Amino acid sequence: MTQIELSCSAVHIIGAGLAGSEAAWQVANHGVRVVLHEMRPHRMTAAHQTGGLAELVCSNSFRSDDAANNAVGLLHAEMRRLGSLIMRCADANQVPAGGALAVDRDGFSSAVTKALDDHPLIEINRTEVDGLPPADWRNVIVATGPLTSAPLAAAIRALTDESALAFFDAIAPIVHRDSIDMSKAWFQSRYDKVGPGGTGADYINCPMTEAQYHAFVDALIEGEKVDFKDWEIDTPYFDGCLPIEIMAERGRETLRHGPMKPVGLTNPHDPTVKPYAIVQLRQDNRLGTLYNIVGFQTKLKHGAQTRVFRTIPGLETAEFARLGGLHRNTFLNSPKLLDTQLRLRAEPRLRFAGQMTGCEGYVESAAIGLIAGLYAASDARARSLAAPPPTTALGALLGHITGGHIESIDAGPRSFQPMNINFGLFPPLANPPAKKPDGTRLRGNEKTIAKKQAISARALADLDRWIADALRVAAAA
C-alpha cells in the first residue's frame, strides 16, 4: 500500500463482479480514489439473484487450490501474494470440497461487499452506465462480464466494429500437444496450403476408418448433453457455431462433409489408404503447446467429451487443457482490440478486465481484474509498471489475452476464444526435470508431475522478483 494521493483523478470501474471488485481493491490499496459503478439491484441481469458484489451466479468452486501441481492453484497463490481481496474472502468463506477451494457463495459476496463498502477510497455508485463513459472519465476499467447490458455492449461495439463482440461463443476442446500420439496423427495443411504465418503443415490430422467414423457419430448423438440455462434458451446459433452433435443429428455424412472432411490430406503412416474422415487440430497458442479440435464446439457434458473424443485415433491418451462448450457470452477479440496493458487501442482511457477480455472462470476473471487495477493505479499516479513475467500464471494469462493467441492460419472467422489458465500457456522450461533425486530416469506420470512442479516453482520465484523489482518500485516512485 502506498501513501494516499487524493490529488489523483478517480478511477471509474464499471461492473462489480469478481474482476471489477478485485480491480477496485487494488486501485484503492495503492492510494487512488475509486468510483465503482454497479447497476444491480436497480437493474438486474438474467442470471444474478442479488445486489451483492462479486455474486457467484454458477458454481461456488474456485477449482483446485494445489499451487504445486495445478495451474489454477498456482494462480490462487500468486493472487494471495498480491493481496487479492477475492482470494482473502474466498479463504475466509471456504466450505469443504476436497482439494478444491469452494466457498459459501452468500458469505463470500457479503464479505467482498463489506470490504469495498468500508474502504475510505471507494465509492459504490448503484446506477447503470448505459453508454460510453463521459469524456472526463480519463481512467476507466470496464468489467461488466459475460452478461453486459445491451446499451453498453452496443456502445462498445460501435466504438470497435460489428464483429468485436460475440454474443454466443463457440468453444472447441483444446488438447496438450505432447499428449497426442503422432505415430497415428501427422502434420499437414489441407492441400499443403501455406497461409499467412503458416508452413503448409500447420494442422495435426487424425484419420478415421468408415467403421470408426460411424461409431464416433453414434457416440456423439447418444452422449449426455448439458441443458441451456434459462437466459440462453432464446439466443440463436451464429454461423459456424453449431454444436458438433447437432450437425451429426442432421445426417450421418454431415460431419465428413464439414469439419471432418478427408479431402486434400494424405496419411504418411499409410499413404495408399484414404481415410474415411479426418479430425483436424489447429495450433492454439504461439508456444505450440496447445491445439484445438477444429469445429468441435459442443454441449456434451465433460465426462462424455473425454470419453467420446478419446476414441479418435491419436487422441486415445489426450490431455485436455479445456473442454468444449457453447453458451451465451460477451467477450472482446482482445488480441486485436487491446494493448498489452488491457487498454482499448481505439480509446486508451478505457481498460477492460474480467471475462470480457477472453479469460474463462471466476479466478481468471478476478486475476485480470487485479492486473487491470494495478495498471490503472499506476496510470493515475503517472507511474510505469512492467507486465508480470510470462513465466508466472498472471503473466501467462495476460499474455494469452493480449497477444499470445494465433488469430488464424487460414481464411475464416477469428479463432480467439475464452480460456482457463493451464500449463500450456506457460513458456517451456529451459531444462525440464529428467531424473529423480536418486538419479533414475523420470517416466510417465512422474515426469508430468515433476514438470508441473518445476513450472510452478519458477512462476512463484519470478513473481516474487517482479513484486520486488517492478511493483514496489512503481508504488514507491
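Cβ atoms here come from the backbone N, Cα and C positions, even for glycine.
Copied over from Swiss-Prot, here are the features:
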type	residues	note
BINDING	G15, A16, G17, L18, A19, G20	FAD binding site
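What Swiss-Prot annotates, mapped onto the structure for a quick look.
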| residue | record | contacts (Cβ under 8 Å, 6+ apart) |
| --- | --- | --- |
| G15 | FAD binding site | H37, E38, V142, A143, T144, G145, T148, G354 |
| A16 | FAD binding site | A24, L36, H37, E38, R40, L53, A54, L116, I124, A143 |
| G17 | FAD binding site | L53, A54, E55, A143, T144, G145, G354, S365 |
| L18 | FAD binding site | A54, I86, G354, Y362, S365, A366, G369 |
| A19 | FAD binding site | A143, G145, A353, G354, Q355, S365, A366, I368, G369, A372 |
| G20 | FAD binding site | I13, I14, L36, E38, I141, A143, T144, A353, G354, G369 |
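The FAD site is defined by G15, A16, G17, L18, A19, G20, and by the 8 Å test on Cβ atoms against their centroid, the other residues of the chain that qualify are I13, S21, E22, A23, L53, A54, A143, T144, G145, A353, G354, S365, G369. DSSP assigns G17 (FAD binding site) to coil in the three-state reduction, placing it in neither a helix nor a strand.
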